[in-house]
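Single-structure report; data block below.
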2 protein chains.
Amino acid sequence: MSDYPIDHKDQAATWFVTLRDRICAAFEQLEDDLAGTEHAALPASRFERQEWHRPDENSESGYGGGGVMSVLRGRVFEKVGVNVSTVHGTFSPEFRKQIPGAADTGHFWASGISLVAHMRSPLVPAVHMNTRHIATSHAWFGGGADLTPMYPELHEQDASDFHAALRGACDRFDADYYQRFKKWCDDYFYLPHRKEPRGVGGIFFDTLNTGDWAKDFGFTQAVGEAFLAIYPEIVRRHMNKSWTPEQRRHQLIRRGRYVEFNLLYDRGTTFGLKTGGNTDAILMSMPPEVIWP
Amino acid sequence: MSDYPIDHKDQAATWFVTLRDRICAAFEQLEDDLAGTEHAALPASRFERQEWHRPDENSESGYGGGGVMSVLRGRVFEKVGVNVSTVHGTFSPEFRKQIPGAADTGHFWASGISLVAHMRSPLVPAVHMNTRHIATSHAWFGGGADLTPMYPELHEQDASDFHAALRGACDRFDADYYQRFKKWCDDYFYLPHRKEPRGVGGIFFDTLNTGDWAKDFGFTQAVGEAFLAIYPEIVRRHMNKSWTPEQRRHQLIRRGRYVEFNLLYDRGTTFGLKTGGNTDAILMSMPPEVIWP
């Protein structure tokens, strides 16, 4: 890690913060633009930010970086969390073997953005997006985005457009990326105990290092740009439609699947919680209200 | 397993069903006896039962036992599930090493009762109880019970009485049981990512085989009897008190901790879901309504 170019770290960490700011602005614009549904009478909401710091008992300074949680609880977005963090430190011996390039010293540096949006309307799909850059003695990018409509059969156009946006980002960098990363997403976001996919998919990639840092960083940026281009558009298509109590109930049940996936299978969540990550930031992805009838 | 006395299996499985019937009757009586709170205007509810069968592709008959879920959604019990099951079959090779006595043939037989109650009132503690008898080439008992008040500081008497009842069951069989099994419970029902215990504890035991089957079975029965003696009494103390919306909100937040524990850490839940157990029966423990604000 010590010889990993500092400007690479800076560029990546700066990008994640810039992307966060642009996403938050786009989401606040959607809050402003709501015109239909009974919730239009509520005030448009704004993100609130909270900083956190990561203590690191293994480092000399005792300081291991930190992050900023941005949360909006609003009239379009019932709860959306956008987290950025840049952390560094030393993995405990039992985790070193699980992380590429960490076996020797255990040193790591990681920066990323992570977002989960749970919508008020059952007619607006929930979404997840996350990209990250990690450096040990290796360095790589990872991330992805996936869409979770409550009624997949009513969102074929949305699913198609969401995939097309991500495919556009992929195709600019490698003709194989989209098929590979779409399949990775389908395989990853699957609930075996329900025999159900989490949603209508998207892309997922990890340990991406082609040997061309600028290309890999460019691709990671393109995934963020694609998300920003398509998701607010999908929200806008549906946010002014009114819904029934039965549709709301269905949404709250479907959110249970989101909880089950994140706590049972999601590696980021379980790894984060079991390695002393920031619990509030990690569990920002939990839906605001859920039922298991 | 083949030389394990068939009458031991029968006695244990029969006991779990008998205990289920007595618990369901006691809970329905509580539903009948509600006199206070706005929910007293609702009708007293009854358990509904649903049978399930366990397919076993490894067995000649294709049949691997099954169980009965009993669920009551009522005015005192917002959602309570009482499951009994008796299953048998062959563990897949990757699981054999994790189960005592299953390494050679992988054969197992298991019977048990499992109960989780989520109450309408935030002033009535939630509860979990479960006892089981398992046979591979070894045979043992396991189980326990733990109490989860939403406001532990208001339930010192309840916690004390709950522990006293379980201690009474323990002390009749072994002077060391209570301290050992109470500690096991405290260690087990702990959420490291929250640095919080799940509730006010109780007892937890596993792989219990003293060499005296009648004694171990007697103790397992005594745990069930102790639960039946004390939990309905605790419910009765508080069920007619009215509560505030703030208390209800607090309850829904605390239920999130229950979900987090069960999906992140509970071995029965995660093992069951990952080994093809009955998803509906296993996730019967999920609270009916939860918020992560």
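Glycine too: its Cβ is placed from the backbone N, Cα and C atoms.
Listed in sequence order, A:Leu115, A:Val116, A:Ala117, A:Ala145, A:Asp146, A:Thr148, A:Ser285 are the same-chain residues at least 6 apart in sequence whose CB falls under 8 Å from the CB of A:His128 (active site, proton donor). DSSP assigns A:His128 (active site, proton donor) to a strand in the three-state reduction. The annotation active site, proton donor is assigned in TrEMBL to A:His128.
Residues or ranges marked as substrate binding site in TrEMBL: A:Ser114, A:Asn130, A:Thr131, A:Arg132, A:Gly276, A:Gly277, A:Asn278. A:Gly276 (substrate binding site) falls within neither a helix nor a strand when secondary structure is assigned with DSSP, and so counts as coil.
Same-chain residues lying 6 or more positions outside the compositional bias 'Basic and acidic residues' (A:46-57) and placing a CB less than 8 Å from one of its CB atoms are 24, 27-28, 31, 63-72, 74, 82, 85, 87-90, 278, 280-281. The annotation compositional bias 'Basic and acidic residues' is assigned in TrEMBL to A:46-57.
According to TrEMBL, the feature region 'Disordered' maps to A:46-65.
TrEMBL lists A:258-293 with the feature region 'Important for dimerization'.
Within 10 Å of the Cβ of A:His193 (site 'Important for dimerization') there are 21 other Cβ atoms, across all protein chains. Among the features that TrEMBL reports, site 'Important for dimerization' is placed at A:His193.
Within its own chain, A:Thr131 (substrate binding site) has A:Phe16, A:Leu19, A:Gly112, A:Ile113, A:Phe141, A:Gly142, A:Gly143, A:Gly144, A:Thr220, A:Val223, A:Gly224 as residues 6 or more apart in sequence whose C-beta sits under 8 angstroms from its own.
The helix, strand and coil residue counts that DSSP assigns across the region 'Disordered' (A:46-65) are 0 helix, 11 strand, 9 coil. Between the CA atoms of A:Asn130 (substrate binding site) and A:His193 (site 'Important for dimerization') there is a gap of 25 Å, rounded to the nearest whole number.
Proximity to chain B (Cβ-Cβ under 8 A) holds for A:His193 out of the recorded positions A:Arg132, A:His193, A:Asn278. Among A:Ser114, A:Asn130, A:Thr131, A:Arg132, A:Gly276, A:Gly277, A:Asn278, the residues given in the record as binding substrate, the maximal Cα to Cα distance rounds to 21 Å. When the alpha carbons of A:Asn278 (substrate binding site) and A:His193 (site 'Important for dimerization') are compared, the span between them is 28 angstrom. A:His193 (site 'Important for dimerization') carries neither a helix nor a strand DSSP state and counts as coil. Cα spacing between A:Gly277 (substrate binding site) and A:His193 (site 'Important for dimerization'): 27 Å, rounded to the nearest whole number.
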